[in-house]
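A.B. asks: Residues annotated as active site, 4-aspartylphosphate intermediate in Swiss-Prot: ASP454. Sequence annotations record features per position, and here Swiss-Prot assigns Mg(2+) binding site to ASP454, THR456, ASP891, ASP895 based on similarity to another entry. Sequence annotations record features per position, and here Swiss-Prot assigns ATP binding site to ASP454, LYS455, THR456, GLU553, PHE594, LYS617, ARG650, THR730, GLY731, ASP732, ARG865, LYS871, ASN894, ASP895 based on similarity to another entry. If you look up Swiss-Prot, you'll see 1-13, 24-40 marked as compositional bias 'Acidic residues'. Sequence annotations record features per position, and here Swiss-Prot assigns region 'Disordered' to 1-52. According to Swiss-Prot, the feature topological domain 'Cytoplasmic' maps to 1-133, 360-385, 1056-1069, 1114-1117, 1162-1250, an assignment based on sequence analysis. The annotation topological domain 'Exoplasmic loop' is assigned in Swiss-Prot to 155-338, 407-956, 1002-1034. Sequence annotations record features per position, and here Swiss-Prot assigns transmembrane segment to 134-154, 339-359, 386-406, 957-977, 981-1001, 1035-1055, 1070-1090, 1093-1113, 1118-1138, 1141-1161.
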Amino acid sequence: MDTDYESTYEDDSQVPNDDVVPYSDDETDDELDSPQTDEPEQNRRNVQAEQSREPVIKECTWQVKANDRNFYDQPEFKKKVFLCLKKSKYAGNAIKTYKYNPITFLPVNLYEQFKRAANAYFLVLLILQTIPQISTVTWSTTLIPLLLVLGITAIKDLVDDIARHKMDNEINNRPSEVITDGRFKKTKWKHIHVGDIIRINKNEFVPADVLLLSSSDPNSLCYVETAELDGETNLKFKMSLEITDKLLQKEEQLAGFDGLVECEEPNNRLDKFVGTLFWRGNSFGLDADKILLRGCTVRNTEYCHGLVLFAGADTKIMRNSGKTRLKRTKIDYLMNYMVYTIFVLLILAAAGLAIGQTFWEAKLGAANVSWYLYDGNNYSPSYRGFLAFWGYIIVLNTMVPISLYVSVEVIRLGQSYFINWDLQMYFSPKDTPAKARTTTLNEQLGQIQYIFSDKTGTLTQNIMTFKKCTINGTTYGDDDDELKSGQTKQVDFSWNPLADPSFTFHDNYLIEQIRAGKDKDVYEFFKLLALCHTVMAEKTDGELIYQAASPDEGALVTAARNFGFVFLSRTQSTITISELGQEKTYEVLAILDFNSDRKRMSIIVRQPDGRIRLYCKGADTVIYERLHPDNPIKDQTQKALDIFANASLRTLCLCYKDINKGDFENWSKKYKQASVATSNRDEALDRVYEAIETDLKLLGATAIEDKLQDDVSGTIFNLARADIKIWVLTGDKKETAENIGYSCKLLDDDTEILYGEDINVHLQTRMENQRNQMSGNQGAQSNQSGAFLPTDKKHALIITGSWLNEILLEKKKRKKKRLKLKFPRTKEEKEQQLHEKLKAYALKEQRQRSFVDLACECSAVICCRVTPKQKAMVVDLVKRYKKAVTLAIGDGANDVNMIKTAHIGVGISGQEGMQAVMSSDYSFAQFRYLQRLLLVHGRWSYIRMCKFLRYFFYKNFSFTLVHFWYSFFNGFSAQTVYEDWFITLYNVLYSSLPVLLVGLLDQDVSDKLSLAFPRLYVPGQKDLLFNYKKFFLSLFHGIVTSLIIFFIPYGAFLLTMGQDGEAPSDYQSFAVTTATALVITVNFQIGLDTSYWTFVNAFSIFGSIAIYFGIMFDLHSAGIHVLFPSMFIFTGAAPNALRQPYLWLTIILTVAFCLLPIVALRFLAKTIWPSESDKIQKKGKKFKAEVEQRAKPKPFARGVSTRRSAYAFSHQRGYADLISSGRSIRKKRASLDAVFDNYPAQITHFTPQT
């Protein structure tokens, strides 16, 4: 056993052995991508009873008692939450995405706000200002701005959380029917409990994970749509136990049901379930086929009844949703680091000035020369220096901008409203506007490097359309260009009373051929479509409704229906169709069902005239291998397939074969033997299928369009031009996902596609090179550090969920084997075990990093058959190893985890419910709006925020550092240059509005030019507009401005006389002069930084200056001094100073020296080193005329491809087994005795323990 333990890590470059190292309970099994066998119920029951009985009992620790809520109050069902407090381990059904409630809002919100370094700093500062020995300014200068910051942020957070409450209530208050007091009563979802019996009606969402007990279907079937879970819109069927379906139909029967279910604990495995139902002294095995998961929608079943097994947070979909993460932007983190940097600068400046105070006191202080400054305190010079340090911390505190965060929140709030109000992102057919569900991430939208997109409902409309076909070498169906130009008319199907009115086709020649009846192959072509399928038909209100295992198959049967070959009904052994009005019944001899390995399906029927014929449809790659050598239309069909593939249509080849009676009887014996094989049944059937599917005659091929949402290709094209890489993560089949990749222009024939096997080779080579390098092989160093792939060709990855398990998931040993491990006893054994663990972790991390490096070299990545957890892990890998900004977009509950994991989560509303929208940061109705969200709103938000921050730091440095220079002339006494009210109002009134408007309204180019030139988006991805370099440039700019603002007035005031013979060089006149020069300078500076001028911008700049003068004259008036003499001490300072022309000349000179060098530098930069934005601004009119031509993508041409995987089968396996078992056929309900007779190996005696 020790050998097994060590061998796990011997060769990590190889594919792990899943027999030894399976995935843990919380991980995805390898069976995810393997075909699922829909065997008849009885076959599975017998196998389970014989083989799985013992382990089921051991693993099932979750107990659910029907109709007995008191059962869950037992002590063994309680879990400790805190100290001695306990709560039930069974979760309620209410979901929660909000963060606060009325009790926790204030403490939690304040805690979150004070986690910001600046807020905590100002709280400490406020406390220091209450100490009179060190404070030279009043505490109100800090308290008022701090309360303003905390209050505005709290209101914004409250508004956001109220919106989350509303969304949660919308879900939690949905109605459901629950057995209460012996009868069904209307109950809200949030009041549903584990153990309740509920009724779910047609087209309703399943509110919890429930055990299907019975349904309106006579065969105990229930059809569900799982689009919210796995993104697939084709219907799946669930089957209840026949015993419960028979006995639990009526209300009183359900109310009396007292069964006990023992099953697995809540987990995130969507396709696995193990449990046992104990009822009436018998036990019945349960599997995933009997479970309805929350998020499914009941379709084509009038009603069904179920027992709630898991509720709320315990449901599988919620287990896949992940935790709500607090998201912050890169600029948030950068701002925090810059605030820390300012803290350091502040401490250094205060310490330096405190040292200066110490030396000044020792040489020139009151005890020596300046006796007139004696304050009565006999403090030593060092102690006075210590007090000065804290005094300067208070005086220079505005280096750390207290209003920074509240200003940022106001700007983000305004930008969010602009997104909400954007009519170009409004989807009128569903009355759905764009919605910014958070107000904290807008500028991050301008820095996206990777987009992770769901496929179903996000890129596609989930609509399959029969577009074209080729029959006997002739192609039917017109091109899109002809349709748009109006050259062809839509086919009129009014002659067919059974035609589907929603079906459209544009080629009247085909309908003429059918109705003429001259071409035998055309007749056989559509007869094949009507016969060779596993679709089930039912009539609802006199209307014929089809239920297909895949939307592709449904589209083909619907096409045959409209062309006059209508599938009407089927039984276990027959299928009835209408052939141009004549009803015919064919005997079904065998159905050779589709799976992902066969890539085809066949049906063998006995025709009314007694002949036996095999009809087959499948991918051209497998059909062509099985054709008879004498097939004259092979080349013509091949050319048509190339044309279809060039248009990204999903193709299927159709063929048939006549079988003589003797050959069929011999084959039938082998088929029956394989059907009842106890081991390797699927392999045996495949071999039998291969034997009969030979020497086929080709009829033609079909072409189905998987409709993309509007302008998906154009959106992806523009995003790619913006250097954004797009990864598609879907739960759908590989072939389907690959086809969509071609349709939306992620892939083309110039792209080399790498699959799992190819990637393994690359990764193994890289890891060998790394080992060689570690062992001293210098020759491998260049390979290890180089690129995986050549740069002269485009590459793409297409990988499956099962392959991803090798990269994403931590693998464990089986529990039964883990118990046999030898525990280390000696110190050496412990060190060896630790070394092995560290080695395994390092190798796993190395493999993950190599995979990410390889994937990021590709132009596109498509991950198919992935679970919600795997989607999130893929996103996390790129975040972790590339440090890139990521965006995830999806529309279903299966995308929630991915949406929460990415830096930005976008929900597509109106497709598959609201769960993705509820968990998203932004939502809208169509994928095409993503380009406007990023290239326009995201880019503008990033530019505005960067410009705002650069200017904000600049104006605060310019304001604060004047105190620093003044200290060298006031004995380092911590005296301020300005009056206290100017310090309080500078960031609130005098300089705040212009920069706020720039943060809200500024735009370097228009929205049309932003979309036409996506390369303008790149600076945000590279953090070019705000980084430490820009920060220190703002610091340097502020230092220079502060020097000019202090020393020019200082020099002008030195030894100067006024017109009245009095010296204007008093402290208050100097304070007024420097303050006036500062306000004018910083407001004109924001004017220089403004790219998009409006009346509001101009008014704010001149209005701020006017407000300054108005307030200053009021505060310096004698009247207010009389009312508050201690608060307003600058009486008459402004009127006396500003009536001197000499001081106005000083102010003008100071402003000119501050601004003229900036104007000159800006002019030189735009002339000599213009940016892309500068070039477009300069030639804006010319570029506007070229927008439409440059924005259009080139026509897509795949060229002739010899390889197509885009065949029209998107499902795992059809309904063949179900049809063969007869459970799909309408029949009378079986008697109770007959039901029990079907459970000979399943039912065992069981005595419930009380």
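Backbone N, Cα and C define each Cβ position, glycine as well.
Locate each feature and note its surroundings.
C.D. replies: All chains included, 29 other C-beta atoms sit within 10 angstroms of the C-beta of ASP454 (active site, 4-aspartylphosphate intermediate).
Look at ASP454 (active site, 4-aspartylphosphate intermediate): DSSP puts it in coil.
ARG865 (ATP binding site) falls within neither a helix nor a strand when secondary structure is assigned with DSSP, and so counts as coil.
Per-residue pLDDT, averaged across the topological domain 'Cytoplasmic' (1-133), gives 61.
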A.B. asks: Filter the binding-site residues PHE594, ARG650, GLY731, ARG865, ASN894 down to the ones within 10 angstroms of THR456 (Mg(2+) binding site), Cα to Cα, kept in sequence order.
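C.D. replies: So the list reads GLY731.
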A.B. asks: Could you check which of these binding-site residues, ARG650, ARG865, ASP891, ASN894, ASP895, sit within 10 Å of ASP454 (active site, 4-aspartylphosphate intermediate), going Cα to Cα?
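C.D. replies: The binding-site residues passing the 10 Å Cα test are ASP891, ASN894, ASP895.
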A.B. asks: For the transmembrane segment (981-1001), which recorded stretch in the set 386-406, 1035-1055, 1141-1161 gives the largest number of Cβ pairs separated by under 8 Å?
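C.D. replies: Checked against 386-406, 1035-1055, 1141-1161; highest Cβ contact count belongs to 386-406.
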A.B. asks: Using DSSP and three states only, what is GLY731 (ATP binding site)?
C.D. replies: coil
A.B. asks: Could you tell me the C-alpha distance between ASP895 (Mg(2+) binding site) and GLY731 (ATP binding site) in angstrom, no decimals?
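C.D. replies: Spelling it out, the Cα of ASP895 (Mg(2+) binding site) and the Cα of GLY731 (ATP binding site) are 10 Å apart.
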A.B. asks: Where does ARG650 (ATP binding site) sit by DSSP, helix, strand or coil?
C.D. replies: strand
A.B. asks: Take the C-beta pairs under 8 A between the transmembrane segment (1141-1161) and each of 386-406, 957-977, 1035-1055, 1070-1090, 1093-1113. Which stretch has the highest count?
C.D. replies: 1070-1090
A.B. asks: Taking only the Cα atoms, work out how far ARG650 (ATP binding site) lies from ASP891 (Mg(2+) binding site), in Å, as a whole number.
C.D. replies: 24
A.B. asks: Using DSSP, break the topological domain 'Cytoplasmic' (1114-1117) down into helix, strand and coil residues and give each count.
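C.D. replies: DSSP classes over the topological domain 'Cytoplasmic' (1114-1117) add up to 2 helix, 0 strand, 2 coil.
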A.B. asks: So, by DSSP, how many helix, strand and coil residues make up the topological domain 'Exoplasmic loop' (1002-1034)?
C.D. replies: 21 helix, 0 strand, 12 coil
A.B. asks: Any idea what the Cα distance is from ASP891 (Mg(2+) binding site) over to PHE594 (ATP binding site), rounded to a whole Å?
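C.D. replies: Between the alpha carbons of ASP891 (Mg(2+) binding site) and PHE594 (ATP binding site) there are 29 Å.
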A.B. asks: Under 8 Å between C-beta atoms and at least six residues away from its ends: which parts of the chain pack against the transmembrane segment (1070-1090)?
C.D. replies: 947, 951, 954-955, 958-959, 962, 977-979, 982, 986, 990-991, 994-995, 998, 1002, 1041, 1045-1046, 1048-1050, 1052-1053, 1097, 1101-1102, 1104-1105, 1108, 1112, 1116, 1130, 1133-1134, 1137-1138, 1143, 1146-1147, 1150-1151, 1154-1155, 1158-1159, 1162
